[in-house]
Amino acid sequence: METALAKTPQKRQVMFLAILLLLWEAGSEAVRYSIPEETESGYSVANLAKDLGLGVGELATRGARMHYKGNKELLQLDIKTGNLLLYEKLDREVMCGATEPCILHFQLLLENPVQFFQTDLQLTDINDHAPEFPEKEMLLKIPESTQPGTVFPLKIAQDFDIGSNTVQNYTISPNSHFHVATHNRGDGRKYPELVLDKALDREERPELSLTLTALDGGAPPRSGTTTIRIVVLDNNDNAPEFLQSFYEVQVPENSPLNSLVVVVSARDLDAGAYGSVAYALFQGDEVTQPFVIDEKTAEIRLKRALDFEATPYYNVEIVATDGGGLSGKCTVAIEVVDVNDNAPELTMSTLSSPTPENAPETVVAVFSVSDPDSGDNGRMICSIQNDLPFLLKPTLKNFYTLVTQRTLDRESQAEYNITITVTDMGTPRLKTEHNITVLVSDVNDNAPAFTQTSYTLFVRENNSPALHIGSVSATDRDSGTNAQVTYSLLPPQNPHLRLASLVSINADNGHLFALRSLDYEALQAFEFRVGATDRGSPALSSEALVRVLVLDANDNSPFVLYPLQNGSAPCTELVPRAAEPGYLVTKVVAVDGDSGQNAWLSYQLLKATEPGLFSMWAHNGEVRTARLLSERDAAKHRLVVLVKDNGEPPRSATATLHVLLVDGFSQPYLPLPEAAPAQAQADSLTVYLVVALASVSSLFLFSVLLFVAVRLCRRSRAAPVGRCSVPEGPFPGHLVDVSGTGTLSQSYHYEVCLTGDSGAGEFKFLKPIIPNLLPQGAGEEIGKTAAFRNSFGLN
């Protein structure tokens with residue numbers, strides 16, 4: 001074991017110190033008090049706080065308490081007054097035995113911060129025990145030929161008191177033959193001897209009975225008695241004599257039972273029965289003596305296990321008696337040799353668990369160690385595991401503190417299992433292990449952490465109020481209230497974003513709710529920040545970005561920009577009967593307020609006066625002729641166009657077109673709405689068209705006047721077709737005829753009717769001057785077009 005320990009020098013070992021090691025604030029001298037033994041419990045020994053210079057309030061705030069080996073509660077500290085009280089009645093003989101002085105060592109422990117004070121309590125002896133002889137009767141056999149002055153040893157009386165309270169004198173009942181002499185032994189005890197004063201005469205008195213009294217020195221004195229019975233024998237000339245009057249021997253405490261301790265020897269010069277010697281223990285106390293002697297061989301053997309820690313030394317008196325009753329005495333001093341038969345003991349005084357994680361050099365535990373063995377067998381070392389953030393520090397004698405070596409981290413390790421190993425230096429080495437569990441208490445050193453730095457949430461527009469749109473989540477590595485997270489909305493960076501009216505957050509679980517119905521067309525996306533705050537002190541927080549994207553719903557129907565469907569006079573498109581198939585009649589223009597596929601528009605010719613005459617392109621809204629026109633086709637046609645989006649479910653709108661088939665363009669006027677009072681500001685579309693068409697207004701007016709003049713001159717050659725229901729003559733002053741401008745191809749003429757009170761413009765395709773499509777019979781069409789242009793005198 002020694003080799004194994006020597007191979008681990010890296011272990012933090014704290015060597016046991018024989019002298020007092022002082023804590024940083026502890027004094028070097030102990031405070032000593034003295035009280036008589038058997039003092040009643042509750043007795044106030046002293047005001048300890050005053051004697052140590054401590055405030056009374058300091059005792060309570062610093063967790064003061066008394067400590068005695070084995071954590072026995074013998075003294076009690078009143079932390080309110082500072083008085084040191086006797087917890088129970090103390091018996092000096094039980095606490096210390098024959099040891100003098102009897103001093104009990106206490107420690108005053110202050111836990112916050114850790115500080116020790118040594119306190120000694122001396123128990124003074126009182127005369128509470130009377131002397132007591134080991135036997136009620138002692139037998140002496142004395143030959144009648146014994147000369148006066150002969151001394152006969154007597155057994156001593158036991159008195160558990162010490163000092164003057166123990167046996168001080170022996171007396172004997174009055175008689176004419178003997179007196180008692182009192183002598184001091186080497187250990188301080190007094191022993192009696194019976195001295196013959198007058199020769200005995202067996203024929204006169206064969207037996208005597210005397211009373212031996214032992215007196216102690218107490219006040220008042222106590223006494224004990226025994227009877228000495230003396231038998232007078234015939235002549236026996238010689239008493240037994242030991243070869244040595246004093247024997248010294250050492251016996252290991254772990255010696256087996258019945259092992260031989262020593263052999264004594266005595267001789268008697270007489271012959272026969274008077275020379276036969278028998279041996280016995282003089283005191284003969286079977287209770288206290290762990291030895292036995294063979295009466296014939298004088299072998300002293302061990303009859304009960306020895307314990308160095310209980311009794312390290314014995315004085316055994318041996319008496320040798322011959323057949324005639326004469327005796328001799330010797331003393332055997334037996335020293336019990338200590339062996340390492342006791343493992344160290346560890347007594348935990350205080351354990352602070354849990355321990356804050358942010359407090360280095362915090363005292364976690366205070367404990368004491370002891371080993372009743374002596375020498376190296378009682379020297380100890382303490383150690384803990386090498387991989388722990390803790391240190392052992394010696395304080396007072398046999399006391400250690402376990403402190404944190406550095407700042408702990410509860411999130412990394414919430415508890416530590418520490419094994420304190422106490423090993424003595426004996427052979428073989430014995431050790432004791434004590435396991436403690438240290439819990440690490442949480443400190444708010446971790447801010448909440450979101451599972452994502454940013455969140456993207458999707459909400460379909462037209463949602464119901466209080467709709468749960470998503471959640472954010474944050475975790476805190478701390479524990480308890482330090483890990484309880486509260487969520488909140490942070491003020492938006494955009495001052496125009498009314499966040500409080502858009503969303504709310506559940507403070508406990510991070511659920512986000514839309515407070516009102518969202519409109520994609522008004523707000524496509526917005527972002528804000530959420531905060532997560534724990535409930536520690538001080539509180540820590542973090543934040544995350546939340547983006548909310550509003551998904552479009554098909555909540556807007558297509559809106560037809562052209563032709564306008566505002567209840568005013570319908571627009572009429574003029575189509576020459578000579579138009580080829582695929583001739584562009586007009587183009588329906590529509591928009592949809594939605595986005596994506598909800599705004600993908602398709603066009604469909606829903607109704608027609610003559611099905612098959614016109615066709616409509618589904619994707620661009622162009623209305624074209626589907627075949628050649630004939631004289632049999634009606635002049636007026638009404639087309640209903642369906643404009644449908646691609647949403648789910650789809651939404652639609654309809655537009656009505658009027659088409660007029662013409663052979664020429666004599667008076668191609670259409671009924672116009674009544675003029676209205678001028679309006680201060682036109683519609684944005686009207687303004688755009690007016691600005692675009694005003695640049696060519698003069699050319700258009702000139703063309704119209706020229707057209708009217710030609711028609712009047714050649715009425716006979718061209719019949720009037722498609723007459724508009726407006727008075728002939730110049731246009732009213734609030735109407736402007738525009739040609740070759742607009743959002744469609746420049747090859748078209750437009751008639752724009754602007755009303756001063758409507759705030760909107762109406763425009764209509766009349767007919768193309770030069771067709772923008774050349775069908776298969778391109779040459780023939782060009783020829784007809786040239787003739788047509790000649791009819792207007794445009795070449």
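Every residue, even glycine, has its Cβ placed from backbone N, Cα and C.
Pulled from Swiss-Prot, these are the features on record:
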type: DOMAIN; residues: 138-242; note: domain 'Cadherin 2'
type: DOMAIN; residues: 351-450; note: domain 'Cadherin 4'
type: DOMAIN; residues: 455-560; note: domain 'Cadherin 5'
type: CARBOHYD; residues: Asn169; note: N-linked glycosylation site
type: CARBOHYD; residues: Asn417; note: N-linked glycosylation site
type: CARBOHYD; residues: Asn435; note: N-linked glycosylation site
type: CARBOHYD; residues: Asn566; note: N-linked glycosylation site
type: MOD_RES; residues: Lys296; note: N6-acetyllysine
type: SIGNAL; residues: 1-30; note: signal peptide
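Features per Swiss-Prot, on structure.
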residue	record	Cβ neighbours (10 Å)
Asn169	N-linked glycosylation site	16
Lys296	N6-acetyllysine	10
Asn417	N-linked glycosylation site	10
Asn435	N-linked glycosylation site	8
Asn566	N-linked glycosylation site	9
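Asn566 (N-linked glycosylation site) and Asn435 (N-linked glycosylation site) are 93 Å apart (CA-CA, integer value).
Helix, strand and coil counts from DSSP across the domain 'Cadherin 5' (455-560) read 7 helix, 48 strand, 51 coil. Confidence for the domain 'Cadherin 2' (138-242), expressed as mean pLDDT, is 89. Distances between the Cα of the residue listed as 'N6-acetyllysine' and those of the glycosylation sites Asn169, Asn417, Asn566 are shortest for Asn169. For the pair Asn566 (N-linked glycosylation site) and Asn417 (N-linked glycosylation site), the C-alpha distance works out to 87 angstrom.
For the pair Asn417 (N-linked glycosylation site) and Asn169 (N-linked glycosylation site), the C-alpha distance works out to 63 angstrom. As a summary of secondary structure, the domain 'Cadherin 2' (138-242) carries 3 helix, 53 strand, 49 coil according to DSSP.
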